[in-house]
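Novice: Would you mind keeping the following structure in view while I ask a few things?
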Amino acid sequence: MAAMREPLPATIRITGYKSHAKEILHCLKNKYFKEIQEVEIDGQKIEAPQPLSWYPDDLAWHTNMSRKILRKSPLLEKFHQFLVSETESGNISRQEAVSMIPPLLMKIEPHHKILDMCAAPGSKTAQLIEMLHSDMDVPFPEGFVIANDVDNKRCYLLVHQAKRLNSPCIMVVNHDASCIPRLQIDTEDGQKGTLFYDRILCDVPCSGDGTMRKNIDVWKKWTTSNSLHLHGLQIRIAVRGVEQLAVGGRMVYSTCSLNPIEDEAVIATLLEKSEGALELADASVDLPGLKWMPGVTKWKLMTKEGQWYKDWSEVPVNRHTQIRPTMFPPTDTEKLANMKLERCMRILPHHQNTGGFFVAVLVKKAPMPWNRRFPKLRKEQSSSSVPQPEDSPVGTPLPETPLEDGERDGGKEPGEDSPKEPEAGDQAKESNVCGPPPNKKMKRHGFKEDPFVFLTEDDPVFPPIESFYDLSPDFPKINVLTRTHEGKKRHLYMVSKELRNVMLNNSERMKVINTGVKVWSRNSDGEEFGCAFRLAQEGIYTLFPYIRSRMITVSVEDIKILLTQENPYLSKLEEDAHQQAKKMGMGSIVLKYRPDNSNPDGPQCPIELCGWRGKTSIRAFVPRNERFHYLRMLGVEVFRDKQGQGPREEEKEVKEEVKEGETENGNKDVSPKQELRGENRGDEHLKGDEREGGGENLTST
């Protein structure tokens, strides 16, 4: 309780899959952390941030600085701006230490199919995506992450988090996790099969009593009835998760609550109903250095009025609707011992100065018993919840769900009788469309999404793109999609072939909020140079392996000029890059930097930037926060001043360069024009605050 009353340390995580992670770590250690070591604020000495001992590769750090100090102190302003800017560009994540644990226990490989059942706000989802992309040389890992949340608005928060990582292997969907539909996929032998996930993260809604240090409201609002209300939902979500888990797969169940009714009671119920199909894994060796307490095997239940019950038999009949038998520990001592509940992990706030957290790792050894008993029903109702038999895992039946084709036609198998009208889904499949679901099947509130339309290999949009960028023959055209049926395609996105398989087979079953990474954007100025689509910075790491022309190799000095000057003349580049640019026609280009072993001070990771070769000048098309990121990696001091104050000394030099670039060029041949004006209307893929910043001055506030 003493630890609970202290403020929570700020923790940051450096995103691990980006090849830039080591560079950011180097920058943090050698610059920012050294500068703030001896700082005193209000008589309190600021401790230098320390790495979390249990997080691999020193990629997570914590500090005793409160958010208030970080925001208010002028001495820490640079560090604060660094954190904000790098967070915006997806290179650092502000995440509570304990919430980093579940993804690490999932043991993810790049080929795993992963479901994140209650994903918003998305910091754990980001970790899952990073682990899929552990090998940066593979643009399309075989695995994918489907991130789900029941709240439509929170899904967009999730999109924002995931978008920063620019992965073609993430899809955000909007469903109630307790009855998330079972999805179909085309199997390798050409048959239709059910999608079972290799890994599932089940971070369920909870009373949040472990977050008291961060959420002060919990102190006022906490009541024992919170857990009683949530227990049933938590079981339903967990049951739905294990049903969709592949045999041999792992599901991590976690809560930020320390109440056994939300923790061990749920796990015990799952284990009991699974009849040996599930077992608790021993995760004690997976995170060396992490301190935790074993799961409890005895607990009591307390009502809002302060009455205690040890056993279901003590509960009066009038309480039977609120208090259920599954909330109590199993009474059979042998059964309880076999469950090995002590393998659950309870992280308490005083163990290592964190929030409170509960996590358990379940491994699926066999299909769930109710699926084995009712295989025919399961087949018929594959898109809905498994029917609840008498000895069902949850006492209360789930709500009615839409019937499948076979059941709708009086139980006959499709194709048994006279041909029926083609369904919307059939049309969708024919035209490579994963459209919004028909109204009658799924009524949902929230923003209406545009359809996801996959292009065919012979789409007329491809030949000019292929010849302009000299795309390699193995470029997967069928993975390209757009968000419009009619009219000109404004943006082209890419997904991995596995996600394409999921989308085309389930357009009626699921509500997709967002997927794919933007790789090209229409630019009317480019048409006269042979290609109407310019490269988008978000998708450059996905596309780069397939592009064989329009590439200029640049040096550290070239990048500094391109990122600090608005539209520099070609002659501003060093000789090598200047000669390459002169030979190239106007239009979209890739600016490629490769580490120079003879210069240990330069970045030691490859960098690819999108740019535009004008008539006499050249420019980089990089959103502002990413400009700051790359400049920091090159050792350039950049940080913006607070509004209303003059520029800092460190900025003046950069500002002069920007002005010089503007006046010299007069912005004569900047293209595309809409970028300069900051227009990106109709970017239906992103919300307003995420649109690319285009050509802003480096120092604009």
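Backbone N, Cα and C atoms are what each Cβ position is placed from, and that goes for glycine too.
Unlike curated records, TrEMBL annotations are generated automatically.
TrEMBL feature annotations, pasted as is:
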type: DOMAIN; residues: 1-365; note: domain 'SAM-dependent MTase RsmB/NOP-type'
type: BINDING; residues: CYS118, ALA119, ALA120, PRO121, GLY122, SER123, LYS124, ASP149, ASP176, ASP203; note: S-adenosyl-L-methionine binding site
type: ACT_SITE; residues: CYS256; note: active site, nucleophile
type: REGION; residues: 375-445; note: region 'Disordered'
type: COMPBIAS; residues: 408-429; note: compositional bias 'Basic and acidic residues'
type: COMPBIAS; residues: 642-694; note: compositional bias 'Basic and acidic residues'
type: REGION; residues: 642-701; note: region 'Disordered'
Novice: Applying a 10 Å Cβ distance cut-off over all chains shown, what neighbour count does LYS124 (S-adenosyl-L-methionine binding site) have?
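Specialist: Around the Cβ of LYS124 (S-adenosyl-L-methionine binding site), 24 other Cβ atoms lie within 10 Å.
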Novice: Would you mind checking how many other C-beta atoms are within 10 angstroms of the C-beta on GLY122 (S-adenosyl-L-methionine binding site)?
Specialist: 28
Novice: Can you tell me how far the Cα of LYS124 (S-adenosyl-L-methionine binding site) sits from the Cα of CYS256 (active site, nucleophile), in Å?
Specialist: 13
Novice: Could you list the residues of the same chain, at least six apart in sequence, whose Cβ is under 8 A from the Cβ of CYS118 (S-adenosyl-L-methionine binding site)?
Specialist: ASN148, ASP149, VAL150, ALA177, CYS202, ASP203, VAL204, PRO205, ILE237
Novice: Please name the residue among the recorded positions ALA120, ASP176, CYS256 whose C-beta has the most neighbouring C-beta atoms within 10 angstroms.
Specialist: CYS256
Novice: The residue listed as 'active site, nucleophile': which of the binding-site residues ALA120, GLY122, ASP176 have a C-alpha within 10 angstroms of it?
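Specialist: Those close enough: none at all.
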Novice: Which whole number of Å gives the largest C-alpha distance between any two of CYS118, ALA119, ALA120, PRO121, GLY122, SER123, LYS124, ASP149, ASP176, ASP203, the residues noted as binding S-adenosyl-L-methionine?
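Specialist: Value for the max Cα separation, rounded to a whole number: 20 Å.
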